[in-house]
Amino acid sequence: MSNANLRKWVGFCFVAIYLFLGVPLWYKLTTVYRASLPINYIESLQNNKFQDIHLVIPVYVKSDTYRFPDVHDAIQVQVNHLLNSQEQRVPWSLQVLPYNETIEQMESEGNQFHVVTLKLDEFIGYSSAYDTKETLVYYDDAAVLSNDLPFFVAQTLVEHTFQLEWTHLNKTCEGVSTNNDVAISYDPNIHLSVTLLSGDGNPVAWEIEPTLTDYFSPFRKFLSPLVNFTVDSSIVYHNDLNLHSLNGSCTSVTWFDLSHTIDLSELSSMAYYPEDSALNLAIVFPSASSSPDGLAFINGTRISDEITTLDWNSYLVPQWGVIIINKMPLKPNSVISEDYLEPMMYRFATDIFQLLGLTEGSQDLLSPYITIDSFKRLTILQNLDKATETLWSLVKLTQQFQGMSIPREVSDNVIEALDLRLQIIDLLNDPGKGGDIVWNNALHLSNELVKLCEKAFFNGEMVQQNFFPQEHMIAVYLPLLGPISAVMFFGFYNVMKEKNQKSKKNGTEREVAKEKLELKEAQKLHAIDGEDEL
């Protein structure tokens with residue numbers, strides 16, 4: 001094979017490899033996979049987050065004395081009138097139904113419903129049960145004769161029993177969240193860290209395990225449908241949070257004064273826990289060396305009329321927990337008994353309601369079951385709102401970065417989240433449901449919905465791909481493609497140049513040969529020197 005043909009075959013192989021192997025391989029390695037997302041549907045949800053929600057809460061009415069066959073219909077009319085008098089941010093209503101044996105049987109199995117019991121009495125009033133979701137409405141015969149009973153029951157339900165919904169779901173409220181400056185953001189899993197701090201290094205012990213078992217475990221069980229607490233305890237020596245510097249400064253110290261003295265960041269970072277949210281209980285004893293006579297600003301705490309004044313003060317730290325400061329230092333080898341810790345646990349349990357957003361300020365939780373039930377519904381709506389915001393952020397992110405990959409897993413998570421959202425809405429909109437089981441299930445599903453949306457948004461493969469834009473791809477492949485392309489280009493140029501030169505040479509040779517042929521023919525015809533002979 002000649003040198004020219006060999007060069008042609010080599011060039012052809014280069015071109016074939018470049019076109020049939022290099023280009024598909026380059027396209028495969030540089031193409032960013034972008035799974036499709038329901039962008040239009042997510043955008044419609046963002047524009048109107050509660051467009052397909054109408055929260056329905058069933059309420060069952062029963063009477064102990066008189067039988068009112070149509071009282072639930074009359075109450076329903078008054079309830080609708082009250083609810084329609086206020087523009088709602090999230091549509092919601094009460095479905096007033098008669099109490100029957102089916103509901104009674106379901107309640108006996110542990111599935112509690114909202115029940116209104118009408119009781120004949122000498123006065124008109126209402127009261128909410130402490131350990132159930134029952135509302136007692138007291139009426140007299142005059143209220144029956146004047147037909148004022150339905151309105152009074154409706155007013156009690158809307159403005160008192162469902163006061164949280166009435167307040168947070170109207171148009172004037174900024175959002176459905178019950179969080180304030182004190183409460184932490186809602187999380188279904190919360191870690192509780194209980195720490196004993198001693199200003200001295202003397203060994204101490206405390207009966208924290210039986211105290212938590214006897215006094216905090218029932219509280220955990222009560223709140224278990226709402227939050228799941230994990231608890232750890234520890235003892236820290238030689239740390240009184242610098243409280244001795246406040247000794248003698250004033251007779252009354254508030255949390256504002258403490259915030260300028262103590263540093264809780266070190267205490268918060270001592271324990272590792274997998275939960276995203278945490279609450280803290282710090283029980284502090286001063287040092288005997290720096291405060292031998294105790295802390296003068298501790299005036300004592302009075303839990304109730306039955307319990308005498310205790311030698312410690314409790315301070316609620318916004319979005320952190322509770323600090324309990326004892327007046328006197330511990331003696332060496334002291335053992336803090338369960339009886340001493342019991343009032344502290346009682347006070348801490350009371351403050352937890354405020355830290356979770358169930359109460360505001362020093363407000364007492366008079367009907368905890370009703371309040372927690374309302375808090376579940378508001379949390380469900382809050383989770384739906386949060387999930388929609390997360391999905392919309394995902395859509396905006398993918399639209400802003402066109403080079404970002406959208407893995408199939410992200411698309412599957414989004415579709416699953418939207419299906420789960422519809423499942424939650426079916427539970428909220430069904431007037432035939434509304435017991436503890438339904439609200440607990442809806443809350444659990446809404447927590448899973450938030451996790452799914454966050455999983456889709458923080459997908460590792462999608463975020464990692466964002467760090468390799470098109471400019472980086474060119475920078476990576478150009479050192480490889482550049483030399484190969486240059487060799488092929490100049491090789492092709494040289495081949496074409498040689499081909500042109502050879503074509504010119506062949507053309508010149510053909511012209512010379514043609515002239516020689518014409519000359520020979522002219523000689524045969526004796527046409528020499530340009531003269532023709534006949």
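Positions of Cβ are set from backbone N, Cα and C atoms, glycine also.
Here the candidates are Asn100, Asn506, and Swiss-Prot annotates Asn100 as N-linked glycosylation site.
Residue pair Asn247 (N-linked glycosylation site) / Asn228 (N-linked glycosylation site) shows a Cα separation of 39 Å.
Asn228 (N-linked glycosylation site) and Asn170 (N-linked glycosylation site) have their C-alpha atoms 30 Å apart, to the nearest angstrom.
Per-residue pLDDT, averaged along the topological domain 'Lumenal' (30-472), amounts to 88 for this model.
Cα of Asn299 (N-linked glycosylation site) to Cα of Asn100 (N-linked glycosylation site): a distance of 55 Å.
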